[in-house]
Amino acid sequence: MISDINALKYKKVLLKVSGEALMGDKQFGHEYDVIKKIAIDIKEVIDLGVEVAIVVGGGNIYRGINAALVGMDRASADYIGMLATVINALTLQNVMESLNIYTRVLSAIPMMSVCEPYIRRKAKRHMEKKRVVIFAGGTGNPFCTTDSAAVLRAIEMNCDILLKATQVDGVYDSDPKKNPDAKKYFTISYKDVITNNLQVMDTAAIAVARENKLPIRVFSIKEQGNFARVIQDKGEYTTIEA
């Protein structure tokens, strides 16, 4: 453990966790053992003295874009997807609080009975008080992904880096699950991610990150302790930057 926060390169970070990461090997919903492991990883980073914010996806419950493909109005489908992210945020909060991690859920869609509405200054104040802020509801707008929400919230919170937790250990030139010869990038530019149409994040999210010089690090959430390792420039990952 690093006792001196000044020894760390990244002191304020945003972690993007996909909905799929929360369901483990299930086809739908939550795998609580997996969520607890993620919460333990987050606690390890907090114990280093790092301020942590989180954006959760909702794909383990509902995917708006898939519903739109079968005829549902896209805006309506996206709003349902935003509600799914609130379910995930509250689930993650509950597991984290069982480990004595102070958290607050802030939703871009106001739901006063279950969580706080997203207010930038309030979110920053929570982080200053060493609370983990979990952002739910995406951006609050349809036609925007939770990756875009993660980039926006990271910039608004003045985070040093965005860490995207995925099912693979970085960015590849093709799907490593389908192509055993897929090439892994250790560093790659925003421009190359967009030009090569790499599916690590949607183009809008990458473009906003590039414009605001927000570095993105992609790593695997599957291996216990990876979050803390990646924060300290250890382990396997890909960095996306200028």
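Glycine too: its Cβ is placed from the backbone N, Cα and C atoms.
The candidate list Asp33, Asp78, Asp169, Asp173 contains one residue that Swiss-Prot assigns to the UMP site with Gly58, Thr139, Gly140, Asn141, Pro142, Phe143, Cys144, Thr145, Thr146, namely Asp78. Fewest other C-beta atoms within 10 Å: among the binding-site residues Ser18, Thr139, Asn141, Thr145, Thr166, that description fits Asn141.
For Tyr172 (ATP binding site), other Cβ atoms within 10 Å of its Cβ number 20. Ranked by Cβ neighbours within 10 A across all protein chains shown, the binding-site residues Gly58, Gly59 are led by Gly58. Nearest in space to Gly59 (ATP binding site), taking C-alpha to C-alpha distance over the binding-site residues Thr139, Asn141, Phe143, Thr145, is Thr145. Here the binding residues for ATP are Lys16, Val17, Ser18, Gly19, Gly59, Arg63, Thr166, Gln167, Tyr172, Asp175. Their largest Cα to Cα distance works out to 24 Å.
Look at the Cβ of each of the binding-site residues Lys16, Phe143 and count the other Cβ atoms within 10 Å; the largest number goes with Lys16.
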